[in-house]
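If you look up Swiss-Prot, you'll see CYS411 marked as active site, on the strength of sequence analysis. As annotated by Swiss-Prot, NAD(+) binding site applies to 53-54, GLN131, 177-179, GLU197, ARG202, 243-244, 264-268, 274-275, TYR323, GLY493, with the evidence given as sequence analysis.
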Amino acid sequence: MTTQNRFRDNEIRAPQGTQLTAKSWLTEAALRMLMNNLDPDVAENPKELVVYGGIGRAARNWECYDKIVESLINLNDDETLLIQSGKPVGIFKTHSNAPRVLIANSNLVPHWANWEHFNELDAKGLAMYGQMTAGSWIYIGSQGIVQGTYETFVEAGRQHFGGSLKGRWVLTAGLGGMGGAQPLAATLAGACSLNIECQQSRIDFRLKTRYVDEQATDLDDALARIEKYTATGVAVSIALCGNAAEILPELVRRGVRPDMVTDQTSAHDPLNGYLPKGWNWEEYRQRAQHEPALVINAAKISMAEHVEAMLAFHNMGIPTFDYGNNIRQMAHDMGVIRAFDFPGFVPAYIRPLFCRGIGPFRWVALSGNPDDIYKTDAKVKALIPDDAHLHHWLDMARERIRFQGLPARICWVGLGQRAKLGLAFNEMVRSGELSAPVVIGRDHLDSGSVASPNRETEAMQDGSDAVSDWPLLNALLNTASGATWVSLHHGGGVGMGFSQHSGMVVVCDGSDEAAERIARVLHNDPATGVMRHADAGYDIAVNCAQEQGLNLPMVAATQGKKS
């Protein structure tokens, strides 16, 4: 059993420049990205190893963190480090094209895959919640979800408001590592937003990083600001310190009609992520240590009231959707029978992108030099010249998104495009156009890397929502393809028992060997998403598979029968 030492009063920042601490760029990349996850400009609570998402950690405790760092510094290019729930458990001889790190976080046998059992293991030092990109060392701050949220809002605007969100406003809550992307995403999509957050420190952080424009003093002030800005068609994001379980029902009582309603509180984790109404944060954290069952029940009662208010907006005909935090399930558990009457964001707005393998492609400049990102932005535009929507995103991102930690960029691209971009970035490193290598990764929220029946795989047309073979196959294939590190997690986004998901990162160090790995990984990884959706019978995915020349035996057989 590992001793629990989860607080250390220090500050971690990733090394920058071209001088290596580790033995190669492959292991240096993992080292820098682990440290970048805990940069105070990136992580939500770095002194306790918490990156984002309630208790999503980068390492199990500080002893484990120190050993991971030591292991990465000394790791050879024919060795692989194994990480078990944030703990380095072994180093094995493999080969140069094998991953340098393999990570498994938070995985439990299904019968025991619940928060109660996980929390027992966590308290004993036997487990760690890795969220999605916290424990897989590829979190890039709120930018990591901005474009996905932006794409969701834009598509909602197309479906419900004729393609424009000018003069419209979004009601939501949660300004943590994920939810903090919402105000900026809404602004970039052309909408105003009212963003409720119960911790003033999180509002302060989003104001500092320019993800939120203004803070209202109270609800009346917030509504007055919304009225003023929507009347003039100006997109401004407004934060309000308060509890969503109190404010949303009050808005319903007042007859206020937002144009769109969603939520990104950390409702997936009632013990650590959702403040019961009438409580303050300090009381919540203290009682969580001594009365966990009471705290969980109180949080879920408040979630039920929160969802009842969302249902009221839905029943008014207002577009209302779950943004993947499992709040509907929590409310349903508390007797809100119609909690699932409003949809999740993936089936409502995002699935057609997933069918083409399009998802959150991200890269990070290990040099620490922002110019390296700006040069790659230009390369993306040059290689994908006809996608005006993508170009608009990159322009807005450069203007509005402040880098957190190592400079990074995200853009949603799909099968075919990812490998093209990765190979181009590798060539830029080789030629010296970029000052140091870059890493390419993605969120676990992607087209072929997650099984999550209340989020990414909700309402699959063949009923395969809960089949989790797909993320396992994705992880295995990325390992076989030579990704630099591969991760397989449980419970990210929606909590214990509700998801399994995998991630990968590949390093562009300018070498021929890297080019071969990049070509394999960045083709095969999104191809598994097309495969998964084609197997479920989505015509968009079947057509994409045919266009891209994927060899999918059963899909080909099915198409043959149809013809």
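Any Cβ shown, glycine's included, is placed from N, Cα and C.
Remember, it's a predicted structure, so these values are computed and weren't measured experimentally.
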How far is it from GLY493 (NAD(+) binding site) to CYS411 (active site), counting Cα to Cα, in Å?
20
Could you measure between GLY177 (NAD(+) binding site) and the residue listed as 'active site' for me? Cα positions, answer in whole angstrom.
18
Just to verify a number: CA distance, GLY53 (NAD(+) binding site) to CYS411 (active site), in angstrom, no decimals.
22
Tell me, how many other CB atoms lie within 10 A of the CB of the residue listed as 'active site', whichever protein chain they belong to?
21
For ALA244 (NAD(+) binding site), just give me the three-state DSSP call.
helix
